[in-house]
Amino acid sequence: MSEKTYPPSQEFAENAHIDAAKYDEMYAASIKDPEGFWAGHARDLDWIEPFTKVKNTSFKHGNVDIRWFEDGVLNVAANCIDRHLETRGDQTAIIFEPDDPEAAAQHITYKELHENVCRFANVLLSQGIMRGDRVVIYLPMIPEAAYAMLACARIGAVHSIVFAGFSADALANRINNSGAKVLITADEAPRGGRKTALKSNADAALLHCSDKVRCLVVKHTGGQTTWIQGRDIDLKAQMEQASPDCPARPMKAEDPLFILYTSGSTGQPKGVVHSSAGYLLYAGLTHKYDFDYHDGDVFWCTADVGWVTGHSYIIYGPLANGATTLMFEGVPTWPDASRFWQVCEKHKVNQFYTAPTAIRALMAQGKEPVEKCDLSALKLLGTVGEPINPEAWNWYNEVVGKGKLPIVDTWWQTETGGHLLTPLPGATATKPGSCTKPFFGIEPVILDATSGEEITETEAEGVLCIKDSWPGQMRTVYGDHERFEQTYFSDYKGYYFTGDGCRRDKDGYYWITGRVDDVINVSGHRMGTAEVESALVAHPDVAEAAVVGYPHDIKGQGIYAYVTVMNGVEETDALRKDLEKWVRSEIGPIAKPDIIQWAPGLPKTRSGKIMRRILRKIAENDFDTLGDTSTLADPAVVDDLIEKRKAQK
Ligand code: WT7
């Protein structure tokens, strides 16, 4: 394999926080003495009561327990805001770029952020929200989303953001699972010139929730919504009346900061719980080092706050570092394919962080939309969410980076809180498609998938596990610690199991090969095949369904659904359309199958287990390596599926 490497330029390395020698030295120190390493960095946070204990963690199945700085007391919002007031009160904390390019951008200073967060926190307090209470946030990418998160942190409430693209049903599930007392939403979410009626989704969701749940509504577009007296509250009006002061509550290091639901290979989405101190420390440190963030830089992460990337690299990481962070309400391709680059030019963005799916979509539009914009402020490019194919990497490098900028391909997960495998831009020579090396304190291991043995040779391929804890690690699954242990610590005892396959090359570089469980990655968003299946079988015309991923040019993976209809039901295009609509309303637009194939029968073992391996191959149009089909109850179904797949184009 030809592996071109891209070392950092001498100039970049000289000005970077971390160069190659420093990386080696700090990495070795962080593994040899994790307590010393993390305590040293944690002391840079603002503590109300300093910690005396650093690390108290166990990965032992049956006894998984993760605590960092457990006797320390601090407040996350105070660390993200108040701490900076004296030195940078008038500096912009958040640049808000609205969906409509004609509408004015907002520059919110640290002082203004402080005032808005305090007012918001006082509104929450007036609704009876207390420390530990859960607050669900279902908002567009607007400043109020940042205020809401930080207001919760300020009073010790636990936020749980639900991506605005999820349906009313998905929202109701998350409100109920977390036992939230308040839902924060907006009238409408404008994106790409169209408006999603968030409030009416919220209304539909709340029909399935306790009538004690209050609904704080941001009047954002001014669009008309129904209004339920006594339940719905006009947030902006309340904020105007609220006091601009609200003391930050002292929180224990291990108090939960937020819950974020994510898909797994089985059942309902899991509520991933993150801590206060450890999470903040990890988000802040990875933001500073991995993007080589320097004071005065403008940082732009294009994710939505509804995903963990938005939590760690739009809000908590950047603000912990006193950065200027950009929040963008729109989409990359509206009004046209130059929007991202127009925004970079307009706000003189220095670090730009996006997903391979966006790069591929923009690559398809050619160079012109990029080249007409002035990108001279850019110093670094980043990617996240899925493996980046070399073509997309090269285009990003050449067309956007003009061959001069470091590209950081950051591998991590909702569960990890921040990057685990990533280049350090002043230190690491990159290879297109590889997320390169571990961050400080991270001990990746590759295990043989069947024996579970650690492969100690440098060159290795198997499943990716992590040997020991780091501060940003999730602490539990909300309300179900057993599921936490079962999911991450039971297949390979003593390790954190990531669910990813991985290869390590002769230089010790890591290459993620994709999920090894029944999770697919659609446009950088994680989707459980089981979730889509259960949505499909809930339709009255569907007897059975099996969902797998298949390679998709733009999305990375697409959703391929095999559907068996009920006896007597006709396999029509109208039904296909209806099923698409059905899945959208059960989960959300991101779960809509790209291809639905009618399957009179599914390949099953004699014990009735669906053989997904075969379904995956057929979806991939790979009919020659189906493997052993002799254990199938009825091998003929495979031929039938292949015929139908071939007819599909
Ligand atoms: C899964 C986690 C972490 C923020 C976005 C997704 C895949 C993530 C990379 C990368 C290859 C990647 C993995 C991982 N993934 N980043 N740089 N290269 N694969 O978060 O929804 O929790 O998904 O995304 O498969 O397990 P998530």
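A Cβ is built for glycine as well, from the same backbone N, Cα and C atoms used for every other residue.
It should be emphasised that the depicted structure is a prediction, and the values quoted were computed from it without experimental measurement.
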Please state which member of ARG483, ARG526 TrEMBL lists alongside GLY385, GLU386, PRO387, ASP409, THR410, TRP411, TRP412, GLN413, THR414, ASP500, ARG515 for binding ATP.
ARG526
List only the single closest residue to GLY192 (CoA binding site), chosen from the recorded positions THR410, VAL542, LYS609 by CA-CA distance.
THR410
Averaged pLDDT, computed only over the residues in the domain 'Acetyl-coenzyme A synthetase N-terminal' (23-80):
98
If you draw a 10 Å sphere on the Cβ of VAL537 (Mg(2+) binding site), how many other Cβ atoms land inside?
14
Compare the Cα of PRO387 (ATP binding site) against each of the binding-site residues GLY193, THR309, SER523, VAL537, HIS539 and report the nearest.
SER523
Let me make sure I understand the structure: which of the binding-site residues listed (GLY193, GLY385) has the fewest other Cβ atoms within 10 A of its Cβ?
GLY193
Which site among GLY192, PRO387 has the most other CB atoms no more than 10 Å from its CB, taking these as binding-site residues?
PRO387
Result for ligand 1 contact check over recorded positions GLY193, ARG194, THR309, SER523, VAL542, LYS609 with Cβ cutoff under 6 A is THR309
Could you check the binding-site residues ARG191, ARG194, ARG515, HIS539 and say which one's CB has the fewest neighbouring CB atoms inside 10 Å?
ARG194
At the Cα level, what's the spacing in Å between THR414 (ATP binding site) and THR309 (CoA binding site), rounded?
8
